[in-house]
Amino acid sequence: MSTQRLRNEDYPDYSSTDVSPDESPSEGLNNFSSSGSYQRFGESSSTTWFQTLIHLLKGNIGTGLLGLPLAVKNAGILMGPLSLLVIGIVAVHCMGILVKCAHHFCRRLNKPFVDYGETVMYGLESSPIPWLRNHAHWGRHIVDFFLIVTQLGFCCVYFVFLADNFKQVIEAANATTNDCHINETVILTPTMDSRLYMLTFLPFLVLLVFVRNLRVLAIFSLLANITMLVSLVMIYQFIVQRIPDPRRLPLVASWKTYPLFFGTAIFAFEGIGMVLPLENKMKDPRKFPIILYVGMAIVTTLYISLGCLGYLQFGADIQGSITLNLPYCWLYQSVKLLYSIGIFFTYAIQFFVPAEIIIPFFVSRVPEHWELAVDLLVRTMLVCLTCVLAILIPRLDLVISLVGSVSSSALALIIPPLLEITTYYSEGMSPLTIAKDALISILGFVGFVVGTYVALYELIQPSNAPIFINSTSAFA
């Protein structure tokens, strides 16, 4: 690990993504023409449009997807999918804003690549307000902070997800059958508390994050993607069968639970940090806007379909992850294990971002012969931190909603519209565009405040205890 802070152009700005950080953006700097012409150095990165689309898809599919059925329950069977569609459209629009502003500063500053943090910093430097211009460097720090919070939040979610799914598989081991349509109630054999399962996974995840080679992480990412894809196919195969009468489900849920929906939804859609690295690595970056809209249309369709079908299938019994509602037969128990294996290996990919931001700060302050020890110590402490936070908040649905409300809303909804205003205001903007950007940021801020408050209130004074029910009750 280098003893100095990563250079701006070396910073691999990944967020909420399972994309393997195979290459640092700096690899293309030698190919950048110094003649002053604007040139995205993705031309030398050998990423085709199809590969970019696959990276975009797999970068948006994780634990957030599995929590969407419960999110739909918190919004209502009608309000849920409509809200998911609106949030998806707004989130993709904000991704487009970020790409447009990044292009603007690449042309203006004759730079081959700018990441999310740099784009915000340059946007503040273009602001007509002197105070913002003088404190523009805080723009990058703010983005780095929310990236750290978001990614470590994802790691906390992974701890809870792994504990819940393994606990359920082990407790149902004696009652697991080959009949996936049995109606008998399964009596779980009590084992350890879920928080003890988190502690069990702790040493293995610490060893996993000791892997610092990006090529090796790419192998883990491939394994994770294969296992999660197989699991998703099996989940869809189950939830489309024997759907109960939907008329018993409320069209619009209580307004008190809607903020929890918002947090989970924005958690799932928060993939904005990956768009610039993906666009940069393309052979023909001019095609990226089309790929972005096509890819996110597929993701939005996947989110809405799984959210609605999962809620229709399990109704009020839906849990924080739909995997916890699958039948106690060997086939679907293996689905839980497969998805858990994928999440386990994805932990290292998500951990990569905060590690690359935080670790150089400490390593640069010690003698060279202590660098490796400090590097591994900081990694260990960060993993322990995510484990402790997961133990303190052991409910998967609330962890997802809290992370989404606190940090994902800032990165995906609040910052990009304000960035567009600061970037283009001095060059002339229509009042309609300013009003649109202001409205998006205000809605994002309201979701940030209300969603965080409701999630914290639910943690302190839970209105409903965590649901542990017979996952085959849908067939009764």
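The backbone N, Cα and C atoms fix where each Cβ goes, and this holds for glycine too.
These figures come from a predicted structure and were not determined experimentally.
What TrEMBL lists as compositional bias 'Basic and acidic residues' is 1-10.
Summarising the annotation, TrEMBL assigns domain 'Amino acid transporter transmembrane' to 46-455.
Marked as region 'Disordered' by TrEMBL: 1-35.
The transmembrane segment annotation in TrEMBL covers 75-99 (among others).
Here TrEMBL flags 142-161 (among others) as transmembrane segment. When Cβ-Cβ distances below 8 Å are used as the criterion, the transmembrane segment (142-161) is approached by residues 13, 15-16, 62-63, 66, 116-117, 120, 194, 198, 201, 205, 270, 273, 320-321, 340, 343-344, 346-347, 350-351, 353-354, 357-358, 382-383, 385-387, 389-391, 393-396, 399-400, 402-403, 406-408, 410-411, 415 of the same chain, each at least six residues removed from its ends.
If you look up TrEMBL, you'll see 194-211 (among others) marked as transmembrane segment. Sequence-distant contacts of the transmembrane segment (194-211) (same chain, at least 6 residues past either end, Cβ-Cβ under 8 Å): 159-160, 162-164, 166-167, 217, 220, 344-345, 347-348, 351, 355, 376, 379-380, 382-384, 387, 390-391, 394.
If you look up TrEMBL, you'll see 218-239 (among others) marked as transmembrane segment.
Among the features that TrEMBL reports, transmembrane segment is placed at 259-278 (among others). Tertiary proximity for the transmembrane segment (259-278) is limited to same-chain residues at least six positions away from its ends with a CB under 8 Å from its CB atoms, namely 12-17, 19, 21, 25, 47, 52, 55-56, 59-60, 64-65, 67-68, 70-72, 74-75, 80, 83-84, 87-88, 91, 94-95, 98-99, 102, 113-116, 119, 147, 150, 253, 288, 292, 299, 303, 353, 397-398, 400-405, 407-409, 411-413, 416, 447, 450-455, 458.
Positions annotated as transmembrane segment by TrEMBL: 290-312 (among others).
Annotated transmembrane segment per TrEMBL: 337-364 (among others), in sequence order.
The annotation transmembrane segment is assigned in TrEMBL to 376-393 (among others).
The annotation transmembrane segment is assigned in TrEMBL to 399-419 (among others).
The annotation transmembrane segment is assigned in TrEMBL to 439-460 (among others). Beyond the ends of the transmembrane segment (439-460), by six or more residues, the same chain brings 90, 93-94, 256-257, 259-260, 262-263, 266, 393, 395, 398, 401-402, 404-406, 409-410, 412-414, 416-418 to within a C-beta distance below 8 angstroms of the stretch.
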Positions whose Cβ lies under 8 angstroms from the transmembrane segment (399-419), at least six residues beyond its ends: 15-16, 63-64, 67, 90-91, 94-95, 97-98, 101, 116, 119-120, 123, 142-143, 146-147, 149-150, 153-154, 156-157, 160, 259-260, 262-273, 320, 390, 393, 436-438, 440-441, 443-445, 447-448, 450-452, 454-456, 459
Folded-back contacts onto the transmembrane segment (290-312), same chain, C-beta under 8 angstroms, at least six residues removed: 49, 52-53, 56-57, 60-61, 65-66, 68-73, 77, 80-81, 84-85, 88-89, 91-92, 95-96, 99, 235-236, 239-240, 243-244, 246, 249, 265, 268-269, 275, 279, 318, 322, 325
